[in-house]
Structure formats: C-alpha cells, structure tokens
Amino acid sequence: MLIEALEEDVTVVYCNAIAASVQIEVEPVGRWFEAFLKRRNRNVSASFQELEEEEELSEESEDEELQLEDFPLLRTLDPKDWKNQDHYAVLGLAHMRYKATQKQIKAAHKAMVLKHHPDKRKAAGEQIVEGDGDYFTCITKAIEILSDPVKRRAFDSVDPTFDNAVPSKGEGKDNFFEAYAPVFERNARWSSKKHVPKLGTMDSSFEEVDNFYSVWYNFDSWREFSYLDEEEKDKAECRDERRWIEKQNRAARATRKKEEMNRLRTLVDTAYSLDPRIKKFKEDEKARKENEKKAKADAKRKEQEEKEKARQAELEAARLAKEKEEEEAKLVAQQAKKEKEIQKKAIKKERQKLRTTCKNWNYFGDNESDSVKMMEDVEKLCDRLELVSLQSLNEALASGSKEEAKVAVEKQVQEVNAQLQKEKDAEVQARQAVRTAVQASGGGGGGGKGWNEEELPLLIKAVNLFPAGTNARWEVIANYMNLHSTSGIKRTAKDVINKAKNLQKLEPGQKDEINKKAFEKFNKEHAAVPQTVDNAVPSERFDGAEANTASWTTEEQKLLEQALKTYPVSTPERWEKIAAAVPGRTKKDCMKRYKELVEMVKAKKAAQEQVGGKSKK
C-alpha cells in the first residue's frame, strides 16, 4: 500500500499557456513516488535515473562482496556423470544453494570461468583434456542447469544435501518441539503456497494448532523428480521411442512422487500422534464431557464394554470350536472317502481278475451251456463277495490247477446260494407280511378310500417317472394316476403323499412283492400279442449254435425289462425265472440280450460325455 503524501509535500507544476497560469497539485505514484520518498528521507533532490544508477552500484558492490567456497573435488569430476554432481558446489555456492539469486549465480559462474577456463590454464602450462572430457564442462553444465528456472527447480527437488529423514516416535517422545520443528521448517520449502505456518509452542491455541495440521494434511508439494529420469527423450531416434521414454519417465516420477507424499504423510501422522498439545486438547474435551455425567456414563460404558467383551469372547470360542469340529469332520470324511475309493478300486480289480481267470479257463465248461451257467455264477460271486473273499478266491485260482480252481469256485457258489436261500426265506415272510398289511389297512390311502392292487404299482411308477425337483410334483403324480387308473377313484395330492410315505416304510421285500404282482398282471394281459419286428441288432459276442437268431420284438423287450426289475441280482436262479417270463426265449437268449442292452447304454453314455466335453471347450 502506498504511503499518502503529506499536505506540505506536494509537487507543483506550472503550465505556461496563452491563458493565465494555473497551479495544479499532483501526487507522485509508482517509481516516481519511491524516488520522492528517498529524496524526502535524504533531504536531497535527485532524479529517478540517479536512484537507478545508485541501485546498480549497490548491486555491483554486493557482487563484489560475494564470497565463493572452494570445491576441492572440482578437478576430479567426470563430465559424463554430471547428473550426480552438486551444481551449487561446482560454482562455489554450496553455502547458499537454493537461496542464491540469479545474479549471484551468474557472478559465481563468471568468477569460476575466469579461474578455470581451459585457455587460461593452458597458458599457465597446465595439462588440458581435449573435447568435453575436461572438468570445465561441469562448470558449463552447472550454469546451464541453475540458470534455467525449470531445470533448477528439478535439481532443487532432488537436492543431495536435503535431509529427507523423519524423526521416529522415540526421538520425539520426550523433546517433541526440538525434534519436529526443524523438520517442518526444512520441508516447508516444498510448499506451493507461501506463508506455511510453523509448529508453534506448547502455548499455541487450539485454532493455531488446528490450522497447522490442516495445512500439512493438505500439503501441496511442488517437488518433482524429472531430474532423475533415466532416459532422455531428446536422444530418441523416432517418435515411438520418444513416447516410450516419456511413458517410462512419467511412471518413475509418479512412483517417486507417491513415495514423497507418503513420507510427508508419515511425518504429519507421527507428529500428530506425539503432539502434547493434541493430547492436552483431547484431555480437556474429555474432562468437559465427563464433568456433565461422569458417574452414570462410566458405569454404563463399563457394563457395555464387559458385555461386548464377553460376547466377543463367546463368539470367538464358538467360532474356533466350530472350525475345529469342521476340520476334524473334513479330515474324517476325506479319510473315509480315500479308504472307500481304495476299497472300491481293490474290489473292482479283484472282480476283473476273477472274471479274467474264469474266462481264460472257458468258465470250466465243456460246452457252451455249462459255460453260460458258470458265467452267471461268476457274476453272482462278483456281486455278492466282499474284498477279502474275492482276494482269497483269486489266490486259490492262481495257485491251483483248473480242476482245483473249479472246485474252489463251485464251493464258493454253494455258500452264496445258501445265503441267497436264507434271504429268499426272509423274502417270503416279508411278502406274507405285506399282504397282511395291505389287507388290514385296505391300501392305507387318505380320505377313507382304499387302494387296490392296481393303484399301488401305478403309484410306484408315477413316483419314479416324476422324480424330486419336478414342479408341483405331487399334483402331477395325482393327475397321472387319475388319468391311468381304472378304479374310478380320484386321488388328491394329499392322498398320494400319505400313501407314498407308507410305502417308504415298507421293507425291500415287500416292495418287490408289489412289483411282482404288477408284473404278473402285465404278463397276463400281454400273453398273446402280435409280433412286431424290432430293429435291434444282436451282439456278436454271444453268437452260438443254440441261440435263437430271431430278432427281439417290442413286446418281448418290455417283458424282459419288467422281468429284470422283478427279479434282482440276489434272486436265486434268476435267469431261469427271467426266461420263463419271456415266452419263446431261452435263458441264453435273455442273457445275450441283456449284455447287448448294457453295451448300447454304455455307448450312448460315452457319446453324451463326448458331446458335453466339446460344448464346454
């Protein structure tokens, strides 16, 4: 702000014109006002040009008073390693550094040129390195960097003498202000804004402390690290290489800038955590609040903390117990699965070994009928025997002759048949029990309506036809039964659910009895049906002289499938019963057709897996 002129200190200008002279009062401004003040203070009359000359003379005297520090390592510097040299030290300004003005830098350069110029040293008889290898190149590079504001700013950003260290918590714990005040003053030079507040003292007010940390938490640093670029884009041979160099340099600068901001943030965070004034302010605030409702708040807080701690401890204990239990269960399951897989593979291996051994000896038969009979017995052994029994039998077959092996197999078959006979007797008792249960309950249906022998197999068929997961499953099953039943009784979803639950409680033998009755009824209704030729092609694996070469009809196929369901693998003399259920077909025909169907199913499954694998790819 300009100082107002005093009333008596005015400049009078007289204008000579044709008209009468008029006195005009004017007030000096700008540089003329500055000259006016100096004249008034010195009580002399001087022009503005004289003042400028005086100022220039004072600057020259300042340049003459400039003292340069000697740099002992100047003559040992490598001009090629100019990035790692201290340019201020090269010009003798190591004691002034970033505070040196441009005039001082130019004066220092002038003095260094007069002292170290190659021509002058050559004239003095000193050995001079030709080209850019002379250390004088370092002086030239120093003035080039420090005279350019942009390059000088880049060099100042990575000033090698600057201390980037941040005091630790231990250093500032006892003497906070002595440890952190110089650090903040040192780092304030990087601020883009002027007048960065100082750390202050213990007597600083809350507003001053809050303003200090607000400025430093939002500190805007002008420090940049372009001086440390490893690649120079001016050396690029093409535009693409120059862009690549710029990209690499930008990434490196961003990384260093991030590290610098993290350093400053660490400094502020550490200082804030150790500042005794912050602790004092917090304690004062806490004391003010505690005075309002101290007793009640303390008791309530303590109770809540204890409850929360107990709850967390309980949750943690429950979590650890659950994790331990799950881990133990997982280990047990994995071990059981592993043992099961091992046993499964072992059983499969022993079964295959038994089949291969018997096959190599033509199933101990002199004709095909005996071989087929023995084949059925071998399959029965594979299905019924456990792993230990299979291993013992295979060891006996491997160590003995053909006759001994046949005796061992027949002995094992007799034991299995005896066991099957016991199961058959139990099955007969179960059938008798299911007949009694059906007669006593009248079918066990809901709503007081009895279930006849026709509806039970129809219910079982519908349950298998519409498995779990079907939308509105039990309504669909009820509609299916109402459409296909000839009893004329309409069944609801509730009736179907109740009857299905009763059937689930029955033993397997009782369910087989119901299926057998359904098969007998089906066989009776389809005893005489017109023969329609099926396009199924018989397998060549069981071709023989006694086999029926006629193609299987659709009705024969249905009878065979129903007989396979009615007589499971555990049924004694299974294939004889199946052959009796299919008119016009022998036991050998049924076995041959069964093997053929198994091959067809396997082929279809393999094709589906192959298609599924391609779709995933």
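Cβ coordinates come from backbone N, Cα and C, glycine included.
Annotation comment: TrEMBL describes 34-64, 406-433 as coiled coil. The domain 'J' annotation in TrEMBL covers 86-159. What TrEMBL records for 451-504, 544-598 is domain 'Myb-like'. Annotation comment: TrEMBL describes 544-602 as domain 'HTH myb-type'. Sequence annotations record features per position, and here TrEMBL assigns domain 'SANT' to 552-602. Annotation comment: TrEMBL describes 283-312 as region 'Disordered'.
Not one residue of the same chain 6+ positions outside the region 'Disordered' (283-312) places its C-beta atom under 8 angstroms from a C-beta of that stretch. Shown for the domain 'Myb-like' (451-504): DSSP residue counts in helix, strand and coil, namely 35 helix, 0 strand, 19 coil.
Averaged over the domain 'J' (86-159), the predicted model has a pLDDT of 84.
For the domain 'HTH myb-type' (544-602), residue counts in helix, strand and coil come to 37 helix, 1 strand, 21 coil, using DSSP. Across the range of the region 'Disordered' (283-312), the DSSP-based residue counts are 29 helix, 0 strand, 1 coil.
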